[in-house]
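As structure tokens, the structure follows; a few thoughts come after it.
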Amino acid sequence: MDYFSYKHHTLHAEDVNVNDLANQYGTPLYVYSRATLERHWHAFNDALADHPHLICYAVKANSNIGVLSVLAKLGSGFDIVSGGELARVIEAGGDMSKVVFSGVGKTPEEIEFALNQNIHCFNVESEPELERINDVAGRLGKVAPISLRINPDVDAKTHPYISTGLKANKFGIARERAIEVYTLAHSLPNLNVIGMDCHIGSQLTDTGPFVDALDRLLALVDELAGKGIEISHLDVGGGLGVTYKDETPPHPREYAQAIAAKMKGREHLTLIMEPGRAIAANAGIMLTKVEFVKSGEEKNFAIVDAAMNDLIRPSLYSAWQAIIPVTEHPDRETHTYDVVGPICETGDFIGKDRELAIASGDLLAVRSAGAYGFVMASNYNTRCRPAEIMVDKNTVHVVREREILKDLWKGEHKLT
Ligand code: LLP
């Protein structure tokens, strides 16, 4: 459930008419709803109330400092994948003791930064990474808390680009080698082995693969305990899908309860989750203006002022996101349009074959744009990235100003 709805035929974000936002801040424009973010976070957190747990929001989904600050105030933890994301969490007021650091390629500088911040844990993906963290920790006279990311080899049945738990993927440590690598980690003097983690993919719409992965991890946890290596947390990653069109993913409550049920009797193991999309996607929309309506020989095009640089998911993953009018016109006739941007590429589209009743100058809203939206935006075609707005009931916060051209060539130099 989210807080974007029509009132008197006009789309509102909570209590704010989004027409007013477009008029004041221009388009394309990302608009987030604080109440929706909070509701989604609570759905996870409340479902796990009976088990020791930590929700570590996956910062990559939407790393705007305004968004992070809302979640930090709820007491959220954070899953980061770079020194940059760590810096954002610090800036947003996040609690360092609730930060887990994922990713296959952590640099020595990033490891040092995170060690100095005393984060909760490094989610380690390989033996060379173990050695590197051990070296950096030794140099700093610290002991690094680590977890090993296990590749459980389950098929997440999602888009191949966002499926991560199969043997063929670059992520994690093969299940068969887990005990050996844990033994190595345990023997390294500057490491404290505290956890096990996995992440099998994103936009999963079924609990089955999550539960299968967890079963495999729990079997390993028991095997490890038999060898005298006791861990204190289990991190099941993120990946819960959302409804973009007609997907029917489990509710976060159902998902979290299915996972928590497997953890019964294991109260000594804190359960960590790293949801990104399920918290942020439907807490955001992207507003765009129709510049021209063009009737081609075979197709009609709505040429809008947002493009693949602003929202790349449709172009990159053939992702479908709802496109709705900001003002409903029940009196107008609908036609079928490809909603396309101004970038010089055929792949530059936001949606294809959409039934819309539009005219040039109209505003459209692309739904489910709160996750992997702005964060994946670029400046391709020397386009300024959009502003981002956070609505909180009837209050509007500019959480990121629109870029201006000078921002785009900052640091570039011409030859004389
Ligand atoms: N934890 C780890 C280690 C991850 O790699 C990811 C996402 C998450 C958590 C959060 O997953 P979520 O709950 O958001 O599914 N750009 C793609 C999605 C890439 C996801 C990468 N990893 C998209 O737009 O669909």
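Heads up, the Cβ atoms here are built off N, Cα and C, so glycines get one too.
From the candidate list Tyr255, Tyr337, Tyr372, the residue TrEMBL records in the substrate site shared with Arg277, Arg313, Tyr317, Glu345 is Tyr372. Within Gly239, Gly341, Gly347, Gly351, the residue that TrEMBL lists together with Glu274, Pro275, Gly276, Arg277, Tyr372 for binding pyridoxal 5'-phosphate is Gly239. Proximity of Lys60 (N6-(pyridoxal phosphate)lysine) to non-local residues of its own chain (separation of 6 or more, Cβ distance below 8 Å) is seen for Val81, Glu85, Gly276, Tyr372, Val375, given in sequence order. Look at Arg313 (substrate binding site): DSSP puts it in a helix. Residues Glu274, Pro275, Arg313, taken from the binding-site residues Glu274, Pro275, Arg313, Glu345, are distinguished by a CB atom under 6 angstroms from ligand 1. In this structure, the C-alpha atom of Glu345 (substrate binding site) lies 31 angstrom from that of Gly239 (pyridoxal 5'-phosphate binding site). DSSP classifies Tyr372 (pyridoxal 5'-phosphate binding site) as coil under the three-state reduction. When other Cβ atoms within 10 Å of the Cβ of Arg313 (substrate binding site) are tallied across all protein chains shown, the result is 21. Those residues of the chain, other than Gly239, Glu274, Pro275, Gly276, Arg277, Tyr372, with a C-beta within 8 angstroms of the mean position of the pyridoxal 5'-phosphate site C-beta atoms are Ala58, Lys60, Ala61, Ser202, Gly238, Leu240, Ala278, Ile279, Ala280, Ala371.
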